[in-house]
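Peer 1: I'd like to ask you about the structure that follows.
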Amino acid sequence: MPKSLSLRSGLGSVLFWSVISAAFIGPGSVTACAIAGSKFGLQLLWVLTFATLGTVWLQEAAARITIATGHDLGQVITQTYAGTKGRWIAWGLFLAIFLGCAAYQAGNILGAVSGLALLTGLPVPGLTIGLGLLCIVLLWIGTTQGLANFLGIIVFAMGGAFVYVAFGTPVTSAELAKALVTPNIPSGSLLLINSLIGTTIVPYNLFFGSSIVPAGGSSAQSLSEMRLGIWVAVVLGGIISVVLLLAGLLIPEDFSYPHMAQVLTDRLGTWAGSLFAFGLFAAGFASSLTAPLAAAVTAQSLLGVQKNSPVYRAIWLIVMGTGLTFGLLNVTPIPVIVAVQAINGILLPFVTVFLFAAVNNRKLLGDTYCNSVGQNVAMGLVVLVTAILGLWNVWLAFQ
């Protein structure tokens, strides 16, 4: 018999799936959302509506595959496409996720170190090396989940401070409601639009989320539990993204982390500026553990790499090394963070098209778990819009 949805199981599912929203509220979200508000006002708010709903639809589909089959998304893809064609697809998807994780890691390290530098005033190279070594040790011994969850709580606390600040912006409810649903692409905003999508609909989260679903035994989730958990957790993350954009309205000049910290300090007191700095560090640090691990887990799922094998560890070490390289080069963090989110927004359609095919495989999922017409329309819209925006961005880059 299917499990009934109780208050306790529903709350537990929300807490379980909060890992997805915590994963996308990183330095990329803080930076891209605040810059969007600072440069374009409310004009890009619709992108966050689209990206939040897109995250719900795609994560639900990836989790539904695991509940239906007992296998994660990567395993299902490799089982669906056999032979040489299957190997090419598996390697292509892995390389897309690997490159995306490496790009994210550059932003993660830069964001975390920027937060630490705001807090301590210590030299950036020393902070970068110290942070990198700590991440490597934690990943090597495998004790990352508890720490990442704790840091996620700090990030949500920072989001709470931004909620308070957002109420001080001169925006009416009618203006907010209209901006949330009215598409607008102002001149010079396309890279930032792709960044907002790439930092919310995180491609590696589709594989990561699918791999963590309890699909068997007493801990298995029902469809209703999974859907409630994903909807509530992701929408809460989307709300934090919205208030980050609203807070950016208070910075009409060029956005910077010290400027944002000063705005919070002026509005709420010294503690709020310090909370922002620590929250930026926490978001970057938690994501610095997640991105390398996600690359290795994707290799495990798609390529059959054994957990904690030399190849598995080499994969996350390379991703970590990419982030450390950018940190030690002392590049300006904000342009890099915006660019790497856009890269992942451009890579997203390549990943989602295979997810779309998998959840329409009636032979694999049966009538109960296969996509409905409405789900196909929703997912197809996400794939189409992200593909158009991504290709448009690539075309402009070569003009």
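Glycine is no exception: its Cβ is also placed from the backbone N, Cα and C atoms.
As listed in TrEMBL for this protein:
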- 42-58: transmembrane segment (TRANSMEM)
- 88-106: transmembrane segment (TRANSMEM)
- 112-140: transmembrane segment (TRANSMEM)
- 147-167: transmembrane segment (TRANSMEM)
- 187-207: transmembrane segment (TRANSMEM)
- 228-251: transmembrane segment (TRANSMEM)
- 271-299: transmembrane segment (TRANSMEM)
- 311-329: transmembrane segment (TRANSMEM)
- 335-357: transmembrane segment (TRANSMEM)
- 377-398: transmembrane segment (TRANSMEM)
Peer 1: Examine the transmembrane segment (271-299) against the transmembrane segment (42-58) and state whether at least 3 Cβ pairs sit under 8 A, considering only residue pairs 6 or more apart.
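Peer 2: Contact absent: fewer than 3 Cβ pairs fall under 8 Å.
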Peer 1: For the transmembrane segment (311-329) against the transmembrane segment (42-58), do we get 3 or more Cβ-Cβ pairs below 8 Å once near-sequence pairs (under 6 apart) are dropped?
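Peer 2: Contact between the transmembrane segment (311-329) and the transmembrane segment (42-58): absent.
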Peer 1: Residues of the same chain, at least six outside the transmembrane segment (377-398), with any C-beta under 8 angstroms of its C-beta?
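Peer 2: Cβ under 8 Å, 6 or more out: 50, 53-54, 57-58, 61, 190-191, 193-194, 197, 201, 342, 345-349, 352-353, 355-356, 359, 371.
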Peer 1: Give the one range among 42-58, 228-251, 335-357 whose Cβ atoms make the most pairs under 8 Å with those of the transmembrane segment (88-106).
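Peer 2: So the stretch in question is 335-357.
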